[in-house]
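Since the structure comes first, as structure tokens, the remarks are kept for the end.
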């Protein structure tokens, strides 16, 4: 088979199963409204949960820092790209989440890959929730360690896997809030089991940080859990982009030596780091608390209004509200029907989710109003699917 034939066959297979992904060009993609092709839609696909991507204080911080530092960092943090803005943000994050250290990464994907790749060796084992993010599972598959997956949120299965003999070290991997199902992991029980088997715990709290817990400290804080490795990302609750790993002093020093994504990547722009510090200040403030409370009320309003006889609504109380429709083509038709009525929603299909669980992944944000939720419910129930 030629290279071209391989490419063509893969694309043909995706088209045949209604799983071909595509991008949409938008004029505005974050916030209450999405604008595409000159039309305005209520936006139910954004990760900007607290509406901070449009916050004037954060925008101003980025602009002022860009004037001071320029638009790029100029190098890896190990060469010339670790500015006072980066250092300040790392200190603020560590103090906020009560960890000895925080290390910045250019993305959550990079952070997860870097940590797992740097830590795991040939005789080690990774035990990951089977619905863990692609960045975690890909890193685990690429590492020399053995990967075992436990049934989603099934702590008994996790315990059985950890009990089997392992010559090296074991790492338990889970998310705080799951990106496709919107539910939360039983973190306290998972941590208890991990410690009983002398395993370390890595929690990716991309969808919880900033949005849940006291001062937005996330799912782990809310559950009274402190994993050895906490990954937080900044493209959701923070409204910007990037990520950080919270850990001990020695692990931070280790990652600075062996995390290749950190050593060999140009660091995020200093202006971005300063904008993230401004975002953190909003998240920790009374305004941040009010934004979280409003979002929680909108989620409750949506869940109370969904017709459960027509849609499978998962046990998700986060900003992520998936409606399971099962069939790929039905999910695509439903998403298109919503767009025709002015509501932008995304159909999620395999391989992102398991076969037979195609869904509308609806995300609610603080930027929405109660009338927006009511309109979404009206359109959903009249979609004819």
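From the backbone N, Cα and C atoms, a Cβ is placed for every residue, glycine too.
For residue 21 (substrate binding site), applying a Cβ distance below 8 Å and a minimum sequence separation of six or more within one chain yields 14. For 21, 133, 352, the entry in Swiss-Prot reads substrate binding site, with the evidence type sequence analysis.
Taken from Swiss-Prot, the feature pyridoxal 5'-phosphate binding site covers 108, 109, 179, 207, 233. For residue 179 (pyridoxal 5'-phosphate binding site), the same-chain residues lying six or more positions away in sequence with a CB closer than 8 A to its CB are 133, 206, 207, 320. DSSP assigns residue 179 (pyridoxal 5'-phosphate binding site) to coil in the three-state reduction, placing it in neither a helix nor a strand.
The N6-(pyridoxal phosphate)lysine feature in Swiss-Prot is assigned to 236; the stated evidence is sequence analysis. Counting only same-chain residues six or more apart in sequence, the Cβ atoms lying under 8 angstroms from the Cβ of residue 236 (N6-(pyridoxal phosphate)lysine) belong to 47, 48, 49, 206, 207, 209, 210, 211. In the three-state DSSP scheme, residue 236 (N6-(pyridoxal phosphate)lysine) is classed as coil.
Ranked by how many other Cβ atoms sit within 10 Å of their Cβ, the binding-site residues 233, 352 place 352 at the bottom. Straight-line distance linking the Cα atoms of residue 108 (pyridoxal 5'-phosphate binding site) and residue 352 (substrate binding site), rounded to a whole number, equals 17 Å.
Secondary structure at residue 109 (pyridoxal 5'-phosphate binding site), as computed by DSSP, is helix. Straight-line distance linking the Cα atoms of residue 233 (pyridoxal 5'-phosphate binding site) and residue 352 (substrate binding site), rounded to a whole number, equals 20 Å.
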